[in-house]
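*Asks:* After the structure tokens below, expect a handful of questions from me.
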Amino acid sequence: MWNSGFESFSSSTYGGAGGYTQSPGGFGSPTPSQAEKKSRVRAQHIVPCTISQLLSATLTDEVFRIGDVEISQVTIVGIIRHAEKAPTNIVYKIDDMTAPPMDVRQWVDTDDASGENAVVPPETYVKVAGHLRSFQNKKSLVAFKIIPLEDMNEFTAHILEVVNSHMMLSKPNSQASAGRPSMSNPGMSEPGNFSGNNFMPANGLTVVQNQVLNLIKACPRPEGLNFQDLRSQLQHMPVPSIKQAVDFLCNEGHIYSTVDDDHFKSTDAE
């Protein structure tokens, strides 16, 4: 799945004693040569994050941090709300439901006719890897990889990766052999940290239900969205899962059938 595109952050990054190891200048235990260096080498590992955490990151001496964790290359998972293509780049607005949508810019190779330059359509869930940037106090990502999700379990897996990576990176280096960090770390619930509560969609729906609801909301036709059209836009999703989500949304009053039992419209539509 995702790891076929590039090397992601994983537990295999850690040494046998449980400590985090990497090249000089990163998160490894300080050595005399590192301490003497005035210039820093930017962290090279990829850290899974949420948009809310990226927006709360602090920038000091050209280094982004979330709490005590230094970040540069990150991954996020979310749904594309808007996509706009220019001659040299594509700008996406990506929403993971933890904060307002974030701008993600992907530069395109004008001499490359392959599918790498194709625009991923709105209402598609994707995983993005890129570099965090800040311009005029507005944070954004410069993406070097954008991959549509093939399995919605990847969304859940990303959440677990976020929590795990932050726990390991924020673990005191002096306790590298002391075993796993406690899950009851009080810092985990502080603003900007990797609290599990940040990952719950505000409307209480699952990822699948949200994706179905968003597609129905986005349909401008008076009769609403046809179920066959819904299926064609969610080809990566099993049909029973789509039907189950539609039934749930109907029963909970989020959508309703219109001209027949196969056309649906959002109750929030004007």
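Including glycine, each Cβ sits where the backbone N, Cα and C put it.
Model, not experiment: these values are computed from the prediction.
As listed in Swiss-Prot for this protein:
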type	residues	note
MOD_RES	M1	N-acetylmethionine
MOD_RES	S4	phosphoserine
MOD_RES	S8	phosphoserine
REGION	20-41	region 'Disordered'
MOD_RES	T21	phosphothreonine
MOD_RES	S23	phosphoserine
MOD_RES	S29	phosphoserine
MOD_RES	S33	phosphoserine
CROSSLNK	K37	ubiquitin cross-link
CROSSLNK	K38	ubiquitin cross-link
DNA_BIND	74-148	DNA-binding region
REGION	171-192	region 'Disordered'
REGION	187-270	region 'Interaction with RAD52, TIPIN, UNG and XPA'
*Asks:* Any idea what the model's mean pLDDT is for the DNA-binding region (74-148)?
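*Replies:* That stretch averages a pLDDT of 89.
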*Asks:* Where DSSP helix means H, G or I and strand means E or B, what are the helix, strand and coil counts for the DNA-binding region (74-148)?
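*Replies:* Helix (H, G, I), strand (E, B), coil: 3 helix, 47 strand, 25 coil.
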